[in-house]
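Enquirer: The structure under discussion is supplied below as structure tokens; questions concerning it will follow.
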Amino acid sequence: MIRLRTYAGLSFMATLAVIYHAFSSRGQFYPATVYLSTSKISLVLLLNMCLVLMLSLWHLVKFVFLGSLREAEVERLNEQAWRELMEILFAITIFRQDFSSGFLPLVVTLLLIKALHWLAQKRVEYIETTPSVSKLSHFRIVSFMGFLLLVDSLFMYSSIRHLIQSRQASVSLFFSFEYMILATTTVAIFVKYVFYVTDMLMDGQWEKKPVYTFYLELIRDLLHLSMYICFFFVIFMNYGVPLHLLRELYETFRNFQIRVSDYLRYRKITSNMNDRFPDATPEELTASDATCIICREEMTNAKKLICGHLFHVHCLRSWLERQQTCPTCRALVVPPENATSAAPGQRELHQGSQQGTSSSGNQGSEISSSAGVSNNSLSRHHARLQAAASAASVYGKSMVYPSANTVAWSSGVPGTEQVSTEPDQTLPQHNLPVENSHAYANMSETKLEEMRKSLETHLEILRNRLHFLETRKPESAGEPENKGKSVADAAE
């Protein structure tokens, strides 16, 4: 504000100096005015003084209707001002044929009026969230919105009248469209404020307020989208692509699309709330905190969500108008369609798991029995290996193997082979864990297979030698023969 005063003072002194110079040098009124309108320096200083007057008037209106601005309002003003300034510069490039000295004051006036609309919207939002507001604040905000609506209507009427008189597209088309948007915005803000006052007079018990507010915003976005589309095509047909409208057109379309989707989802949820959300039982109200987290009041009747939290019916309905998540745990009130389609399968899976717990004993017994069968077969395999190893050990200790030159098979016996006449054929030695059966369980299958083949070779050699002993010494080897046969048969 201090910088504005300094700037205004310097501008005022410069304007007085140039006016004094014009009248002192020309001596008459008409030549002095011609000089002021033709001299570039004089014209710039006069336009600068007009800008200072408009800024001073803007601050006066702000002080009368709003008073001092809050920090959030100043931030909103700074953010929106730079964005609107860039859009107005783009608009100037489109309407460059109509650019003149009278065009700049109109553009600055439009920017300042837009700034007042931003402040009005932000102040109404602040009043709606403030518990206690003075009557003076209500009177000032109502008067401010009435003043803005009057200004919008006057400028819109002036622009439309100029269009009708000229009957051709000009910069008045741009101003008429902008003030039409501002007028509808002012009406929407005022109606929203009326909803707030009505709800306040009803002690916050007006259940239809969120519904009406939602419809109001939906209609406002629809009107803005329609006007943006019409203005876009009019400018495109007469001037070219309106670059300054692309962002506003996209944002308006996006907001309208979101509101329509929210509305359809809200109608889908609230159409069958009684069927979708069951009533909470007295036991559930007693077991949980019987305080509605939305309105912070005690609950005697409540609706239960899928997640298990309880809320008032009207509180839940008003909450679902803004978002479709639980206020407590942020879970979706209605799961997505893919989740709902997968839910029966999950329930069947859950039921199957419950049924599976009852039959888990039988299944476990079957698994254990099958495991027991495999363990029994493995135990029998180990037993055969142990028996073969025992037989090899018995025969290795009890038998005196004949020398190689005495071991000769009869050539007349079919299917027999001639034993080699090399030096004594000894059995390969293996460290077989005969006593410890757990040692076989720790061995790999390859190792067990090698051991089995080795023991089969041993048994074959033992059978041949046993047959040789039976043919040579039947009387003396009777008892060992029977013992060897029984052990060998057990090993097989």
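Glycine too: its Cβ is placed from the backbone N, Cα and C atoms.
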Enquirer: Using the annotation in Swiss-Prot, determine whether Ala81 and Ile164 are placed on a common side of the membrane.
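Expert: The record shows them together on one side of the membrane, with a shared topological domain name.
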Enquirer: So, do the transmembrane segment (171-191) and the transmembrane segment (41-61) meet, by the test of 3 or more Cβ pairs under 8 Å (sequence gap 6 or more)?
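Expert: No, the transmembrane segment (171-191) does not contact the transmembrane segment (41-61).
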Enquirer: Excluding the flanking five residues on each side, which residues at least 6 beyond the ends of the topological domain 'Cytoplasmic' (157-170) place their CB within less than 8 Å of a CB in that stretch?
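Expert: Contacts with the topological domain 'Cytoplasmic' (157-170): 95, 98, 176, 179, 234, 238-239.
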Enquirer: Short question: most Cβ pairs under 8 Å with the transmembrane segment (4-24), which of 41-61, 99-119, 136-156?
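Expert: Stretch with the highest Cβ contact count: 41-61.
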Enquirer: Should anything in the same chain at least six residues away from the topological domain 'Lumenal' (192-221) have a Cβ under 8 Å from its Cβ atoms, list it; otherwise answer none.
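Expert: Residues packing against the topological domain 'Lumenal' (192-221) from afar: 124, 127-128, 138, 141-142, 145, 184-185, 252, 255-256, 259-260, 263, 266, 314, 317-318, 321-322.
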Enquirer: Would you mind splitting the topological domain 'Cytoplasmic' (62-98) into helix, strand and coil residue counts from DSSP?
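Expert: Per-class counts: 31 helix, 0 strand, 6 coil.
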Enquirer: Please average pLDDT over the topological domain 'Cytoplasmic' (62-98) for the predicted structure.
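Expert: Its mean pLDDT is 85.
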Enquirer: In the same chain, which residue numbers or ranges, 6 or more beyond the ends of the topological domain 'Cytoplasmic' (62-98), come under 8 angstroms Cβ to Cβ?
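Expert: For the topological domain 'Cytoplasmic' (62-98), the nonlocal Cβ contacts are 107, 110-111, 114-116, 118-119, 122-123, 126, 140-141, 143-144, 147, 170-171, 174, 235, 239-240, 242-244, 247-248.
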